[in-house]
Amino acid sequence: MSLGALIKEEKRAATTSSSSSSSSQVHMPKDIDWQMLDKPRFFFLGAALFSGVSTALYPILVLKTRQQVSPTRLSCANISLTIARLEGLKGFYKGFGTSLLGTVPARALYMTALEITKSSVGHATVRLGLSDTTSMAVANGAAGLASAVAAQVVWTPVDVVSQRLMVQGDVSLSSCRYTNGFDAFRKILCTDGPRGFYRGFGLSILTYAPSNAVWWASYSLAQRSIWSRLKRQDGGGSVVVQALSAITASGCSALITMPVDTIKTRLQVLDAEENGRRRAMTVMQTVRSLMREGGFGACYRGLGPRWVSMSMSATTMITTYEFLKRLAVKKQT
């Protein structure tokens, strides 16, 4: 039984009070639970669909990353024109091969942790007697937190390599030259050892875990709020509701976690010079550098591209994800 169905069933059995009747007035499309999915089909189709999404949105990530590590404030238009003039179209896809290679296993971990946690926590919150809205928000928030932590084990090394490739078109941002992802991997390993691939891992967790928790909880609440106003029982307008909910959740998440994301990106990409030798910057060095360059406002460089990227990514991700789940439902026998 899906989480949404379980909530309705247990609430109906537990109470017939007016609050329960009011809650049942919110008509939402039926949720598809983890147990209802054909797992091989789910992961195979997911790899194909999300690879397409990553291809479309990658140039925005390049702009965001270059804005974050730039020592001066630059607009997206200026960065775009510079990349187009000096590097051509391929400049917008530097590091894409590495990113795509890591996206498949990271997405698999993310989706597995997301669905299992949402199902488990959702059942637990219902049995604790929490309201429908609270149960869904807590389950989605916990699922976002767990999925982000699981995925970062793969995503952090991929981020370190791909982001270094993203910025090396600008000589002022990168002191080391890489020919491709394998060359970057080899040089980082030789210079920093295995730990070099997990630069900013703690900050990645501090960025993406709360960001995902806030996003999924906000998405759940926004979706429920919109459906309660529509009062439709036929599921019509599902894609529009999902998109509006995703944009709302992305705005909340981007504003809250932007400073930590900027520090994390700089920590992963930039090096400090000491006695003529390159070495990894510390968190405090990174923060002091940002404060010198523009105060607290410097921590919000790249907010525009990040919000747009998150909104577009989240909208396409959630609509693709819900479509994927419907494609991967086990056939009834």
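The backbone N, Cα and C atoms fix where each Cβ goes, glycine too.
Not measured: the values here are computed from a predicted model.
Over in TrEMBL, the protein carries these features:
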- 38-120: repeat 'Solcar' (REPEAT)
- 42-63: transmembrane segment (TRANSMEM)
- 135-225: repeat 'Solcar' (REPEAT)
- 196-219: transmembrane segment (TRANSMEM)
- 237-327: repeat 'Solcar' (REPEAT)
- 239-258: transmembrane segment (TRANSMEM)
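Counting residues 6+ beyond its ends, the transmembrane segment (239-258) has Cβ neighbours under 8 Å at 207-208, 210-212, 214-216, 218-219, 222-223, 226-227, 230, 299-300, 302-303, 306-307, 310-311, 314-315, 317-319, 322 in the same chain.
Remote same-chain partners of the transmembrane segment (42-63), defined as residues 6 or more beyond its termini with a Cβ less than 8 Å from a stretch Cβ, comprise 76, 79-80, 83, 91-96, 99-100, 103-104, 107-108, 111, 166, 302, 305, 308-309, 312-313, 316-317, 320, 323-325, 327-328. Within its own chain, the transmembrane segment (196-219) has Cβ neighbours under 8 Å at 137-138, 140-145, 147-149, 151-152, 155-157, 159-161, 188-189, 245-246, 248-250, 252-253, 256-257, 260-261, 263-265, 267-268, 280, 283, 314, 318, counting only residues six or more beyond its boundaries.
The residues of the repeat 'Solcar' (135-225), classed with DSSP into helix (H, G, I), strand (E, B) and coil, number 75 helix, 0 strand, 16 coil.
For the repeat 'Solcar' (135-225), the model's pLDDT averages out at 85. Across the repeat 'Solcar' (38-120), the DSSP tally of helix, strand and coil residues reads 72 helix, 0 strand, 11 coil.
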